[in-house]
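Participant: Marked as active site, nucleophile by TrEMBL: ASP90. Under the heading substrate binding site, TrEMBL lists TYR145. Residues or ranges marked as domain 'Pseudouridine synthase I TruA alpha/beta' in TrEMBL: 183-285. The annotation region 'Disordered' is assigned in TrEMBL to 1-31.
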Amino acid sequence: MSVAAHTCNLSTSGQRRLRPGVDQPGQHGDPHLQNIKPVFVSFFQRNVGSSQFKTIEDDLVSALVRSGCIPENHGEDMRKMSFQRCARTDKGVSAAGQVVSLKVWLIDDILEKINSHLPSHIRILGLKRVTGGFNSKNRCDARTYCYLLPTFAFAHKDRDVQDETYRLSAETLQQVNRLLACYKGTHNFHNFTSQKGPQEPSARRYILEMYCEEPFVREGLEFAVIRVKGQSFMMHQIRKMVGLVVAIVKGYAPESVLERSWGTEKVDVPKAPGLGLVLERVHFEKYNQRFGNDGLHEPLDWVQEEGKVAAFKEEHIYPTIIGTERDERSMAQWLSTLPVHNFSATALTAAGTGAKVPSPLGGSEGDGDTN
């Protein structure tokens with residue numbers, strides 16, 4: 001059978017459950033694995049980008065094998081279990097809500113057994129039955145990310161670059177949200193990624209909402225969370241969206257550069273650090289409308305897992321981001337580069353610095369949810 005789950009999430013599809021003492025994994029071969037099980041996975045990820053370190057997927061597949069959910073040879077070749085992630089995350093980016101599709105055996109106590117073989121920073125929180133042939137990437141119609149940042153990022157440029165006493169005023173928060181709201185709708189984001197030209201259709205992306213929440217204090221430092229929901233995102237797009245608003249609020253760039261960045265001209269948009277970026281939620285709204293109330297399948301909305309996800313973020317994600325920010329000062333170091341950033345850079349000046357400039361008639365092929 002096909003199901004969906006939260007990783008912290010997992011989905012699987014219409015297979016019969018194995019009977020303890022009667023059926024054993026592998027006894028009947030691959031017929032038990034004919035249907036897809038989507039998994040909604042919530043995890044914290046800090047991938048340093050070296051092949052010598054295991055990935056989240058390595059840990060997940062290892063746990064699936066050790067718990068008896070998939071044959072060992074499927075762990076060696078993920079295509080055999082039709083493995084498909086819903087969204088990709090770049091190195092250093094966290095995730096609180098991820099979905100993957102794959103074929104698994106529906107063993108008893110499946111969540112407990114898989115989680116017993118996972119490190120504490122990776123958890124599968126839920127499992128739901130989905131339609132046969134379910135593909136988590138193709139069925140996903142929107143993604144929500146959040147970006148956690150210290151509020152001194154919004155302090156005026158005349159203040160110290162890392163003023164820990166800074167507190168975000170209501171007026172500045174209103175300005176931030178007014179600028180973030182400008183991203184709503186369909187725009188040409190070719191300047192918010194790399195190797196895409198302004199005439200390339202895939203550079204046009206639809207943003208449903210983007211806003212900054214009320215700030216809060218942790219360890220004496222004030223933080224705020226920016227949330228953005230869109231149909232899909234290109235590599236580095238969200239970090240550049242945040243980076244440009246920060247530069248405008250601090251007074252390093254005029255507001256006019258925001259609209260200019262959506263035109264055909266090349267604009268050098270600054271990219272905020274990746275540390276605070278978190279894949280928070282993937283959405284299956286069209287799937288839910290069609291199958292969520294058909295009497296056979298549950299809607300993929302993860303309402304029952306909300307408390308577990310919030311607890312996971314508070315225990316693993318936010319403390320790690322905040323602690324790493326204090327130790328490595330990634331935001332403060334990035335902010336120190338803004339005074340010399342050239343917001344008037346054209347394609348010609350970018351070429352003069354050795355940057356790769358996309359063709360005005362086209363850009364690179366392939367786009368994905370890697371921020």
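Note that Cβ sites are derived from N, Cα and C of the backbone, with glycine treated the same way.
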Participant: With DSSP as the yardstick, break the domain 'Pseudouridine synthase I TruA alpha/beta' (183-285) down into helix, strand and coil residue counts.
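Facilitator: The composition, in the requested order, is 26 helix, 33 strand, 44 coil.
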Participant: Just to confirm my parser: what is the rounded mean pLDDT across the domain 'Pseudouridine synthase I TruA alpha/beta' (183-285)?
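Facilitator: Mean pLDDT for the domain 'Pseudouridine synthase I TruA alpha/beta' (183-285): 95.
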Participant: Inside 10 Å of the Cβ of the residue listed as 'substrate binding site', count up the other Cβ atoms and send me the figure.
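Facilitator: For the residue listed as 'substrate binding site', the count of other Cβ atoms within 10 Å is 29.
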